[in-house]
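In TrEMBL this protein carries:
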| type | residues | note |
| --- | --- | --- |
| COMPBIAS | 971-981 | compositional bias 'Basic and acidic residues' |
| COMPBIAS | 1013-1023 | compositional bias 'Basic residues' |
| COMPBIAS | 1028-1041 | compositional bias 'Acidic residues' |
| COMPBIAS | 1046-1055 | compositional bias 'Basic residues' |
| REGION | 971-1088 | region 'Disordered' |
| REPEAT | 187-220 | repeat 'TPR' |
| REPEAT | 552-585 | repeat 'TPR' |
Amino acid sequence: MSEDVAYVGSGRSIDIELGGQEVITIDLDNLDPNPEDVLDLLKEGQCRVSVWTKLAGEYWRRGYLAAAERIAHSAIESLQANGTTASSPPIYALLANIQIAHAQKAPKLVLSEAREDKLTNVRPKEEYYREAAQYLNTGERAAAEGGEGVGGTLAFLTRGIQQLATRSMDDAMRSFEGVLAEKPTNVVALLGKARILYARRSYPQALKLFQQVLQLNPHCIPDPRIGIGLCLWAMDYKSKAKAAWQRSLEVNPTDWPALLLLGLESINASKTENLSEQDRAQAFLAGTKFIEKAFNANQKSAAAANALCELFLRKGSYKRALKLAERTIQFADTLTLLTEGNLRAARVLHAEGSLKEATKYYTTATDGQPKHVLGAIGMAQMQIQNDEIAAAIHTLDLLLQPPNPQRSVEAMVMLASLRAHPRPGVSSSDYAQEKAKARELFDRAIKTLEQDDSRTSNGHIPQHTASYINDDLDMHIEIARLWQEESLDRTTRALKEALRLSEANEQVDPRLLNNMGALQHMEGNLAEARALYEESLTKAASLGPDGEGMSTSMLYNLARVYEDSGDITMAKEAYDKLLTRHPEYVDAKVRQAQMLADLNQSNDAHDLLKQAMASQNNNLNLRAFYTYFLIQSNFPKPAKDFVFATLKDHDKHDVYSLCAAGWIQYHQSRESRDLSPKGLEERRRGFQRSAEFYDKALLLDPLCAFAAQGLAIVTAEDALGSFGGGPATSGGDDPQKRMRNARDALDIFAKIRESLNDGSVYLNMGHCYYARDEFDRAIESYETASVRFYSGHNVSVLLCLCRTWYAKASKDQSFVAMSTALKYAQKALHLQPSDKAILYNIAMVQQKAAELLFGLSPSKRTLKDLEWAILQAGHAQRLFASLAADSASVVPYSRDIADQRRKYGESMLRRGDEHLATQKEFEAEAQAKLVAARLRRQMEKEKLEAIEQERVEEHRRQAEKLAEERRKAREQAQEWTREVQMESDEERERKSKRAARKVKVEGESGDEGAEPKKKKRSGGKLKKAIDQDVDNEQLFSDDEVDSKPAKKRVPKKRVVRDDEDQDAVGGPRKKQYKSKEILSDTDDEEMS
């Protein structure tokens, strides 16, 4: 029995030999979809395993998977019948691969409650994978029983594919590595290993393997170009990845993975803001077409269904989107796809309003991936819809907190908004903490957006998230609301951004302009506030009936800024206009009453307040202002009754009324002049009740600065001790206690100053410093209160400054300080000309100034000051006389004391002429001494100038002399140079003459035989010695030149100049430097 695969013409075929000589040929290119006839032939011919697998493979390749599986099962039956089961492992491997192929088109799970994509009579993937594993195990057992071993490339590859399909990555890697160890070029093993490396994010290694597969088999299916593109995309080589997928599509036009990937790439490209609108639309359209083709090519692909679902969701085709979402859920074989499918199903149901079903899908998504941003946000939205705010906060907290915190600006902003929103069951302290966390989250979100903007400016692709969150008007308004009690600067910045966005949309909200105006108003920028209020009113008027409600508060704010700007007429018109529209707008009546009170029209102001009280008697703010008005109008008894009525009949916990009651009780007790035991007891009880009111106010509002200030005043003045009628202490302890109380009160005032920006705080601190005799610091506090808060027009502060300068002048005996005290008293009188107490104080200061100067020695005062003080003291005399003679029934001073001061002034001024004469005499003497001293200083100055002139002249003469000497030295040096040159010329002439003479003498004495030899030897020895001497002399000369160059030059000049020495010494010396030919007998004799 034999069979072969033969090729007939251009086709392919299999020859099956039957019992005798009969051979049947099966054309593989024209297979019958029904394999029954072929099966009968295969069974009858008892074909080998390779024929069965070959034929089954052809059926599988043509898409007849069921026929292939039928052939494989028939092969098993045939082999078992023939008793050749040992050769069945390849058939079992084929069956396992067929089951894996079935699993690829089977759902991962079946939704029992699916609304659109209902699946019936289908088996899940797990069943197919389980059967594949069983076939593999059966094949291994059959091979083991037949003694052929359980290994082999086919078994390893099939096992690896099955393990890869079930996500057993480590086992699959070992299987593929086993195959590659024997066959390094096995394409299936290389592809499997590359897929595992890609799943492990080892992209460069996976890329190398995909490229190797492409080199080994350019027509490999599945196409390795898909894997190459995925690796390049993950490595951020987007253009190269796209090129790989495009090439894959060219090679395999119906390959759905390439279509899907190119579609997703085009849709991502359409989100790039650098492209024009037309290019983005074209890219999106191309991506949509690619994805639709991919889904049509493989409708069982969860990835294609997921991408197409997003497109239908954006179009609003919720029914089709839900079907695709359910398809994604059922066929997803990765957690990411499963989560995406659940999220899209939840979003579809959310959009349709099916919140319960949407919550179920959101829950499934977040259970699978708790850190999925869209899942957490969607789940939080469902919880908000169900009024589960705490649960929503918890969900978003889990997303943003470690471990693995997600960087989601949307989640940050959403969580911040939830924390900023008050909710039931949250205490005030907890809500304050929630607001602090909300501010922190908003800051983090804005910082993240700024970082994204900076990355965009550096060339990165801009993110759409940053743009639409930055343009969220409501977010900036909410940020402003969160910061309004903490930082006006941050509030202003947030409102400016909101206003910018509103203007960009050409839909400016008048309320934004009004709020911006209020902030500028609070900052003191009245002109800017006025412009914003007016613009907001204009915008509100353009809205018609909707803007009527807004314009009420805007008009009130505009009137307030008119009032603060000093434009009383405009303010009154604005208030009248407002009251015409809304007669019961009590705030406008209150401001009108205040304006009338400032104009000393207290009765009219009182009538307005009574009208307001008649309409809104329970308005605590109105009652508080009425209390203030009664106190300022000096109606202490009605004010006290009204405050106690507020506490009794309206709100016993009203903090303002408690503080006002405390102040009234304290002021009443402090001004009490009843010194009887009963009066002292009443006074003490009043102080005690005042402290109790302040203490209760602090219990209700621990941050109430006014109550704390009231208690500090009680402490500073020891109102509960000796000042309040308590037991007196010994005289020595009183000053110490006063100092200690003032110090304690100062500590409290310092803390109050941090929260209460009011002049009264600095005024009270000045009182404490005054009590401690720290006059300089008291003056500083009073000046701060007067200049910063009262613009120098508060009479009480001016009088405090007068008193402090007066005390300082008395302590330091300073006429300047006393003059300053008088200046402040005169300012106070200018503001209240009818106040006789101020007149008394002015007279007192003027008299005290003269008294102070009279007590000073002439050296510590001037005649001008003394004359001015005497003049002012005369004015004080007239004031005291007028005050003493005042016939008014009640005066704020003692007439007797005023008369006594007048008399004292008369006696003091009698000595005025004497002091003037003494001062004139002293200043005349001092002037004479000054003139004499000035003359002495002038004479000394002139003497010093003469000495200095003489010194300069001497220096000039010495410089001229030195210059002359230098000139002569230069001339002498030039003369020496000329003489040296002349002597050198004469020396050369003498040498030439001498040389000629010596030559002649040697010629005449040439017949002497012995002498020349002697002379030669002598000359030779002399030459050697002379050369050595010359070398030594030269060496010495060099040293001399290096060490003492000046001394070396001068003697040479002197030798050159001396002609006699030149002949006696210079001649023989010069000869020593000549050669032996120049030496004569005479020279030898002379040297010997």
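The first residue you see is number 1, and the count goes up from there.
Glycine too: its Cβ is placed from the backbone N, Cα and C atoms.
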Average model confidence [pLDDT] within the repeat 'TPR' (187-220): 94
Helix-strand-coil residue split for the repeat 'TPR' (552-585), DSSP-based: 27 helix, 0 strand, 7 coil
Secondary structure composition of the compositional bias 'Basic and acidic residues' (971-981) [DSSP: H/G/I, E/B, coil]: 11 helix, 0 strand, 0 coil
Helix-strand-coil residue split for the repeat 'TPR' (187-220), DSSP-based: 27 helix, 0 strand, 7 coil
